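A.B. asks: What follows is a structure written as structure tokens; I'll ask about it next.
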Amino acid sequence: MADSPQEPHDELGQVDDHEATETISTGTLPDAETIRRLLRQAHRRYAGNDDGAVADHIPALADADPGLFGISLTSIEGDVYSVGDTAHTFTIQSISKAFVFALACRELGHEPVRNTVGVNNTGLPFDSVMALELNGGHPMNPMVNAGALATSALVPGEDLEAKWNFIRDGLSRFAGRRLELDEDAWASEQAANQRNTGIARLLESHGRMDFDAADATDLFTRQCSLLVTAEDLSAMGATLSAGGVNPVTGDEVVGPEVARDTLAVLASTGMYEASGDWLFEIGLPAKSGVSGGVVTVSPGKGGLATYSAPLDDAGTSVRGQLAAGFLSARLGLNLFASRPAAQRAARGD
Ligand code: GLU
């Protein structure tokens, strides 16, 4: 039975923290009207939050409007709920890593990708060179830039264009529509890409780059420059929540095992060095990107996505994480939340 949150207060979402414990992770999403109301509440609650700063290490990102804020949820039934600026396009950046990892797992299998790329957190920033050196050149996981460069290099295709077509087609299937490349963002990052170029070369020096290092950097930069909306990201997340089938298009993008593996990696590494904090507060696998997107996945329920450009120090959207925390609790998504059996029986769930 659906675990419908009680809402004792008004649309502004003035609810106390005890209420959050009313919801648990089993069951289904609440009814459509409750979802819409909670999304509106989350948006109102955090739209006025001005904390954080827009990323500027890629020049094209610095122009983002810090006021834009959108929240979208796609259920495993393919129902889409949106509030705010959910049709605004932005570059997907690091969120692409999650879906390229899934595509690589689909092609190469669980064990080879685990051995080559790894699934453990580095505890260091996403573009850390030190993490690579400290681990003998092993990238550690696919969500830091070293691991993402290694993963993109692994996908099928003889040359850069073939691999690029594979990635673009795969990510488009996750989104349910053809994703376009932001040529200006791509050129902007290519011109400021010394760090990622260095990481790719370092992987090569450790014998962990089977593809041309410069082409691997270009490939990763292109995938980061694909344009998405918050609605696209929620469909992509919903695909991972629904055993790898895009619930809007019905397309079987990856298998259920790959979706499961990808979510496990996101839980431990998706939110950079703050992945533990995220799991502790929000209790769901998620991935953020430096352009301000966050996709949060509730296995068996749906994908939640936000867009808001100002980031915290680890590189995650401030409003995005506040909204995810609020909605995880109110929608009953936290994977670790439970209730004693007697209490559940008394409530009839
Ligand atoms: N293309 C971005 C970079 O290398 C991806 C990082 C991110 O979104 O976390 O800076």
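Note: Cβ is positioned from N, Cα and C throughout, glycine not excepted.
Just so it is clear, the model here is predicted, and its values are computed rather than measured.
Straight from TrEMBL, here's the annotation block:
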BINDING   S94, N145, E189, N196, Y272, V290  substrate binding site
COMPBIAS  1-21  compositional bias 'Basic and acidic residues'
REGION    1-29  region 'Disordered'
A.B. asks: Far apart in sequence but close in space: which same-chain residues, 6 or more away, have a Cβ under 8 Å from N196 (substrate binding site)?
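C.D. replies: Residues satisfying the criterion: D127, N145, L149, T217, F220, T221.
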A.B. asks: Taking a cut-off of under 6 Å between Cβ and any atom of ligand 1, tell me which of the binding-site residues S94, N196, Y272 pass.
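C.D. replies: Cβ < 6 Å from ligand 1, in sequence order: S94, N196.
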A.B. asks: Restricting to the chain of Y272 (substrate binding site) and a gap of 6 or more, list residues whose Cβ falls under 8 Å of its Cβ, or answer none.
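C.D. replies: Non-local contacts for Y272 (substrate binding site): P125, F126, M143, V144, S288, A314, G315, T316.
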A.B. asks: Taking only same-chain residues 6+ apart in sequence, whose CB is under 8 Å from that of E189 (substrate binding site), what do you get?
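C.D. replies: Same-chain residues close to E189 (substrate binding site) (Cβ under 8 Å, separated by 6 or more) are I58, A60, T221, C224, S225.
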A.B. asks: Neighbour count, 10 Å Cβ-Cβ cut-off, for V290 (substrate binding site): what number do you get?
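C.D. replies: So the Cβ neighbour count for V290 (substrate binding site) comes to 23.
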A.B. asks: Please give the greatest C-alpha separation between any two of the substrate-binding residues S94, N145, E189, N196, Y272, V290, in angstrom, as a whole number.
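C.D. replies: Across S94, N145, E189, N196, Y272, V290, the two farthest Cα atoms sit 20 Å apart.
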A.B. asks: So if I draw a 10 Å sphere around the Cβ of N145 (substrate binding site), how many other Cβ atoms end up inside it?
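C.D. replies: Excluding its own Cβ, N145 (substrate binding site) sees 24 Cβ atoms within 10 Å.
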